[in-house]
Amino acid sequence: MGLGRVLLFLAVAFPFAPPAAAAEPHSLRYNLMVLSQDGSVQSGFLAEGHLDGQPFLRYDRQKRRAKPQGQWAENVLGAKTWDTETEDLTENGQDLRRTLTHIKDQKGGLHSLQEIRVCEIHEDSSTRGSRHFYYDGELFLSQNLETQESTVPQSSRAQTLAMNVTNFWKEDAMKTKTHYRAMQADCLQKLQRYLKSGVAIRRTVPPMVNVTCSEVSEGNITVTCRASSFYPRNITLTWRQDGVSLSHNTQQWGDVLPDGNGTYQTWVATRIRQGEEQRFTCYMEHSGNHGTHPVPSGKALVLQSQRTDFPYVSAAMPCFVIIIILCVPCCKKKTSAAEGPELVSLQVLDQHPVGTGDHRDAAQLGFQPLMSATGSTGSTEGT
């Protein structure tokens with residue numbers, strides 16, 4: 001797996017998606033991946049499950065069994081849960097392997113087919129469900145489970161892959177509208193059952209907000225407002241001058257990234273004239289709480305300027321970790337070809353919410369849906 005493949009996986013891992021201001025729905029998400037080597041589909045699969053954004057399940061490839069992820073899932077969910085999950089994941093993994101077999105543009109080397117299946121229950125009790133398919137880390141098809149409406153990115157490769165796969169599904173008498181609705185209903189039943197068990201108790205962790213400054217040329221200052229260690233993921237972070245939010249094109253937002261401990265981090269930066277620090281504040285809103293944070297001035301400004309604490313550093317670290325995670329198994333593949341390639345871990349992909357359903361959700365995944373204009377901006381500004 002070369003650098004291009006790694007970058008594709010990173011694109012999936014870090015979708016450019018500005019979070020919505022509304023409360024997050026309850027969600028259940030499964031992430032499955034199968035591999036082929038030189039045209040031959042490998043046995044086994046890798047799968048993980050997330051409940052309300054938190055890992056609760058991992059498929060043990062050696063024991064061929066779903067196992068709890070985290071002490072909280074192990075304590076609350078009984079043995080019957082893992083029997084049911086094992087049976088369902090095994091069936092889904094076999095179905096994904098059959099689909100990979102029928103992708104006709106496979107060439108030599110290692111290739112992957114990944115499915116992310118999501119169902120949600122919103123505050124108004126409405127439900128949504130979808131599946132998203134990736135070949136070699138590139139999204140090529142999104143499907144609404146309720147309406148069976150499909151969204152395909154603009155690239156010719158994605159169009160070809162989507163047509164190939166959907167034609168294969170049409171040949172399967174089991175792939176009917178009733179089948180897809182039953183798929184969504186099963187996911188929603190599990191989600192409701194897990195919520196009733198108390199395993200997905202909502203928690204709120206307020207962000208830690210830090211404002212730093214760095215001097216630039218001609219008397220301008222770059223001020224950066226960083227929020228970290230917060231949960232849930234939705235947050236509004238923006239700069240204000242004299243109490244009024246700055247225009248969108250005068251600010252730069254970072255993506256909302258995982259901190260690695262189940263919480264998130266993000267930042268927003270802008271440039272101001274030195275000496276006008278007192279006119280600017282960073283406004284933060286999270287889970288109904290809000291606050292303003294002033295720009296440090298005087299000695300504090302000098303001290304902050306001497307630091308190299310800038311948002312691009314923290315944003316680059318998770319990417320570096322992911323490259324290591326993805327590249328190490330690739331090195332193993334080259335040295336142990338006789339044993340077959342190891343499956344690439346999906347944990348880094350599962351740390352990010354994936355929308356369900358329509359064209360907007362495909363855009364939130366970081367890819368352009370068919371017949372749609374460019375959408376997301378990577379902003380953490382509230383909508």
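From the backbone N, Cα and C atoms, a Cβ is placed for every residue, glycine too.
Checking the candidates CYS213, CYS225, CYS331 against Swiss-Prot, the cysteine paired with CYS282 through a disulfide bond is CYS225.
Reviewing CYS119, CYS319, the cysteine that Swiss-Prot connects to CYS187 via a disulfide bond turns out to be CYS119. Residue-level annotations in Swiss-Prot identify, among ASN164, ASN234, ASN164 as N-linked glycosylation site. Other Cβ atoms within 10 Å of the Cβ of ASN164 (N-linked glycosylation site) number 17 in total over all chains. Taking H, G and I as helix, E and B as strand and the rest as coil, DSSP gives the domain 'Ig-like C1-type' (207-298) the counts 9 helix, 55 strand, 28 coil. Residue pair ASN220 (N-linked glycosylation site) / CYS119 (disulfide bond) shows a Cα separation of 47 Å. Between the CA atoms of CYS119 (disulfide bond) and ASN164 (N-linked glycosylation site) there is a gap of 25 Å. Taking CA atoms as the reference points, CYS225 (disulfide bond) and CYS187 (disulfide bond) are 39 Å apart. In the three-state DSSP assignment, the secondary structure recorded for CYS119 (disulfide bond) is strand.
Cβ neighbour density within 10 Å is lowest for ASN220 among the glycosylation sites ASN210, ASN220.
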